[in-house]
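Peer 1: Quick paste from TrEMBL:
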type	residues	note
TRANSMEM	165-190	transmembrane segment
TRANSMEM	246-264	transmembrane segment
TRANSMEM	285-309	transmembrane segment
TRANSMEM	354-376	transmembrane segment
TRANSMEM	437-455	transmembrane segment
TRANSMEM	461-479	transmembrane segment
TRANSMEM	491-522	transmembrane segment
DOMAIN	551-620	domain 'STAS'
Amino acid sequence: MTITNDDNDRHQNQCEKMEVNENLRSQYTIGSNDFILVDEVGERPKKNVKEKFHELSTCLNNNSKTVFTYKTITKRLPILQWWPTYTTEDGIGDLLAGITVGLTLIPQSMAYSALAGLPPQQGLYGSFVGSLMYVFLGTCKEVPMGPTAIVSLMTYNTLHGLGPVYGTLLCFLTGVIQLIMGVVGLGFLIDFISGPVNSGFTSAVAILIVASQIKDLIGIKAAGTTLLDMIISISKDISHYQLGDTWLGIICIVVILLLRRMALCQIGPKDVNEQTTFHKVMNRSMWLIGTFRNSIVVMVSSYVGYLYITSTGHDVTSNDIPPIPFKVVGKIPSGLPEFDLPKFSITRDNGTTIGFFEIVSNIGSGVIVLPIIALIETISICKTFADGKPVDATQELLATGLCNIGNSFFHAYPGSGSFSRSAVNAASGVRTPMEGLYAGILVIFALLFCTPYLYYIPKAALAAIIIAAVIFMVEVRVVRPIYRSKKSDLIPGLATFFACLVLPLEIGVLIGIGLNLVSILYHAARPKLLIEVHKTRDGINYLMVTPDRCLVFPSVDYVRNLVMKQSLKRELPVVIDCSHIYGADFTAAKVIEMLTQDFSKRGQALFFYNLKPSVVAVFEGVQPKGFITYYHRHDLDRLFQRWKQQRQQIEHASAE
């Protein structure tokens, strides 16, 4: 039964009867104007199949019209939003940022390709098509598409040395999955990865990346997907370490870190307006030198490699290893890669063919986890540089997916947005996503004209670039804020961190997500209840129970037990404040039915305050006896008066 103030006479009559007739029920379930959530409850007219088909076709027709509107097109092609207002100043800013990022991207992409267990040119192949496509599809000007440390390590753990052909197919499948997620609106899935889980995953990945690069840093052979496997593998071959690789790698790391520090230094007053021209020129020069640290190290170490190799008279066109104290990259195919579809079947040397499904089976679960991790990295960058503006996760899904699909046609492996290059982009004064055009052109130039010089790059220098970049990804600084904020959030974060170190990365991520879901389900099953003793104007004490969320099957028994326990303990009538209950299910309705029956048998009052009409409809679906709702405080006084009179009558009758 529902009490409203639609009409005083009808309201008084309702209080006297305490039950409503079925033909009057609908007019008492609408609620008053001061109701918190407004909803309409009513029976929908039944429709036959023809009417439903006509309704569906009309809906599809309307949706198809909205797809080709100018608003939708500009939303899915963001270049149409900023290109009409593109200025010369924007072009200069993007050109400088693109060159800066391109000079950072070339050595990084080669290093990350080695991290993925693939040839260095495959990293370069994935550094220009995606950059060019993101100009048209991207929403964040700071995001540079290409190989990244996290995705490269995920690629290595997913492929297990299967080779470049599998890497290209993985890139295609990653793009397809991301594209499908964007089309069907599954961007919300990244919300299930909390900040602590993301920090734990990132920190573990950084440690794994450092461990994976030790082999090139000291010139030995090692492998492994977990930290324990890497340590065991390194320990077996540690006796064959090369002193030349070790010294060169250590020197490169020190130089990179010093140059990185130089980029952060400033001379003169902190206020730019107070700096002289000399101060500004020096600060800008130090920033440029520090920003180009990877390129500087690669060029200098390559020159050292060139001097060593030419002094020995080694033939660089051969496949033999140069007789020098350190290992070099070696031959890289010159020119752009051929446009080709990914291989959906592979023919072995013995003539047998591996089908598509067998290839996907060999790749394993990483084909699902890797696209989500790549998306998380890109979305995190967008949120970091959004300046409080909303991030269109769906568009970023579509953009990242299409970029990976485009890269797969040029023999690349999966990529995403890069944190380190995004910081360089922002510091370089990027104005629009057009910087990706210039960065992509620079990579194309390197592939066309610079590949003979890439032969001399020491592998230890590339390992140093990776190590110097990822050691700052270990997020130790977030532990204290999490501990001060909510200690329990450390559990999924630390669990993810250790699980990713000792187990495959995809398993570690799933463990973190699983712990998050357990936490969410626990809080859903254990809503907080505020229980207070109130008094009516007539002096009747009652318990006011206020749940803080909706009633669904995991939580309703818990709420019922608490209400029963408190009502029996204090022997007071109970009012359940339903202001925060916005939904319920059939299980909740059945439990409410049992609750009202229990209170009715004991002659104890139970009223529901401010219950949403749609929830009333759910509860009344099971036709509970003695189910009474009201929407105004003064109605409660009349309900308690009536309940008190009925109780006195029952006591009087039992006494006689």
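Every residue gets a Cβ built from N, Cα and C, even glycine.
These figures come from a predicted structure and were not determined experimentally.
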Peer 1: Which sequence positions outside the transmembrane segment (246-264), separated from its termini by at least 6 residues, show Cβ-Cβ distances below 8 Å to it?
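Peer 2: Residues 216-219, 286-287, 289-291, 293-294, 296-297, 301, 304, 326, 458, 460-461, 463-465, 467-468 contact the transmembrane segment (246-264) from elsewhere in the chain.
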Peer 1: Any chance the transmembrane segment (491-522) and the transmembrane segment (437-455) have 3 or more Cβ pairs under 8 A, given the pairs are 6 or more apart in sequence?
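Peer 2: Per Cβ check, the transmembrane segment (491-522) does not touch the transmembrane segment (437-455).
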Peer 1: Given a Cβ distance threshold of under 8 angstroms, which distant residues of the chain, six or more beyond its ends, lie next to the transmembrane segment (285-309)?
Peer 2: 100, 103-104, 106-108, 248, 252, 255-256, 259-266, 316, 322, 324-326, 328, 424, 427-428, 453-454, 456-458, 460-462, 464-465
Peer 1: Between the stretches 354-376, 437-455, 461-479, which wins on the count of C-beta pairs under 8 angstroms to the transmembrane segment (165-190)?
Peer 2: 354-376
Peer 1: Given a Cβ distance threshold of under 8 angstroms, which distant residues of the chain, six or more beyond its ends, lie next to the transmembrane segment (437-455)?
Peer 2: 94-95, 97-99, 101-103, 105-106, 109-110, 120-121, 124-125, 127-129, 131-132, 135, 144, 302, 306, 316, 328-336
Peer 1: List the helix, strand and coil residue totals of the domain 'STAS' (551-620) as derived from DSSP.
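Peer 2: Tallying H, G and I as helix, E and B as strand, the rest coil: 43 helix, 10 strand, 17 coil.
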